[in-house]
Amino acid sequence: MDDLKKYKNVTRGVSDTYVNVHPIQRGGVLTAEARKALLEFGDGYSVCDYCFEARVDLVDNPPVHDLTSDVAEFLNMDDVRFTAGCRHAKWAAMHMVCEPGDTVVLDALAHYTSYLAAEANRLNIVEVPHNGYPMFEIDVDGYARKFEEVEQKTGKLPSMAVLTHVDYRYGNVADAEKVGRICKEYGVPFLLNTAYSSGIMPVDGKKLHVDFLCGSGHKSWAASAPIGILATTYEWTSKLFNKSTVRGDWSGRGFTKKEVALFGCSPVFGAPVATLMASFPSVVERVKHWDDEVKKAQYFVKELEKIEGFHQMGTKPKQHTLMNIESLPLHEIAEKDKRRGYFLYHELKKRKIVGLHPGMSKNFKINTYGLRQEQVEYVAKAFRDIAKENGIRVED
Ligand SMILES: Cc1ncc(COP(=O)(O)O)c(C=O)c1O
């Protein structure tokens with residue numbers, strides 16, 4: 001506590017003149033409307049001025065109530081709540097649907113927050129494998145095999161299947177519809193983690209046979225953190241959004257409007273929900289242009305693969321803007337450079353490109369979502385120039 005002054009002027013050291021290619025940040029960049037809403041609703045409980053129903057999702061001014069139904073319609077689901085991130089949405093679904101000791105089946109590329117959601121709910125975990133280097137493709141038919149193995153071993157089917165629609169390591173797009181069909185066939189509730197899909201690409205929950213759709217506002221809906229989305233179908237609404245029945249034994253107090261898994265009303269009361277709301281019209285529009293985003297990503301891969309020793313890991317051709325590039329020649333250079341693994345980070349920063357994980361050179365994750373074509377070209381050229389300057393062969 002000897003230097004409190006340092007808290008008074010916190011900055012990121014990165015201005016709008018930089019190109020940010022951070023793998024987890026592209027879909028969360030605020031729209032101009034959201035920046036305005038952020039100032040307006042930055043104060044703590046700012047969306048609660050006109051709360052008459054004891055729950056944020058029922059507030060009409062600002063129109064949070066309308067937003068929940070519009071987001072549900074957008075995802076082709078029936079009901080939605082806003083949560084404290086995608087992780088909370090997954091925890092909440094498991095908490096309300098599974099019993100401790102049950103088993104959940106999840107893909108082996110799942111984010112750690114899926115594993116921890118299961119752990120916090122005292123659930124056993126069974127993984128569906130992927131096919132390893134270089135594709136890392138989830139064996140979606142493996143869901144059926146794992147359901148049967150779990151049934152044989154425990155006497156009952158898993159109480160939930162979890163699929164990461166787009167994984168955070170390689171940006172592979174999994175065949176969610178196929179997993180959804182398998183789940184329907186076995187009667188296993190299906191949770192789809194759309195942290196890297198809904199909000200940037202079209203997602204139709206009903207078409208994918210999804211029971212619980214979890215999303216991340218700060219990752220893919222141009223919203224301030226933390227905000228997640230938990231969507232479900234009519235079949236599950238009352239169980240998932242079950243209301244409190246607790247009563248104080250002395251005071252007799254009860255909270256019958258409050259929803260248990262949402263910690264009563266919703267954990268997002270101000271900037272997160274206001275920014276998601278302000279960005280929503282742009283989000284509805286931007287998913288229609290997903291094909292253009294994929295084309296830019298494919299162009300970027302093509303340009304980077306002209307550098308000797310560079311290649312994109314994961315399924316090909318690229319179907320998502322998040323990618324993982326193996327770059328062993330850069331690693332050899334980093335070994336000799338006094339900046340070691342930070343060499344690539346610094347070379348890019350010199351060219352006003354930020355977002356690569358400092359210290360990575362063997363391979364790196366990068367996301368081109370929302371960059372203009374000329375920015376994609378600029379970043380690709382920067383990599384090629386760095387390679388050439390360091391004696392790596394680059395095709396023209
Ligand atoms: C696939 C995936 N799911 C979930 C999360 C966590 O999302 P949130 O921060 O909204 O809880 C992440 C974060 O990186 C992720 O990559």
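Note: Cβ is positioned from N, Cα and C throughout, glycine not excepted.
Please treat TrEMBL annotations as automatic predictions, because they have not gone through curation.
What TrEMBL records for N193, S216, G217, H218 is pyridoxal 5'-phosphate binding site. Taking the Cβ of N193 (pyridoxal 5'-phosphate binding site) as reference, residues of its chain lying under 8 Å away and at least six apart in sequence are, in sequence order, C86, K90, A110, H111, S114, V162, L163, T164, H165, C214. In the three-state DSSP scheme, N193 (pyridoxal 5'-phosphate binding site) is classed as strand.
Marked as domain 'Aminotransferase class V' by TrEMBL: 68-326.
Marked as N6-(pyridoxal phosphate)lysine by TrEMBL: K219. According to DSSP, K219 (N6-(pyridoxal phosphate)lysine) sits within a helical segment.
Candidate binding-site residues: N193, S216, G217. Those with a Cβ under 6 Å from ligand 1, in sequence order, are N193, S216. The predicted model assigns the domain 'Aminotransferase class V' (68-326) a mean pLDDT of 98. Fewest Cβ neighbours within 10 Å among the recorded positions H218, K219: this applies to H218.
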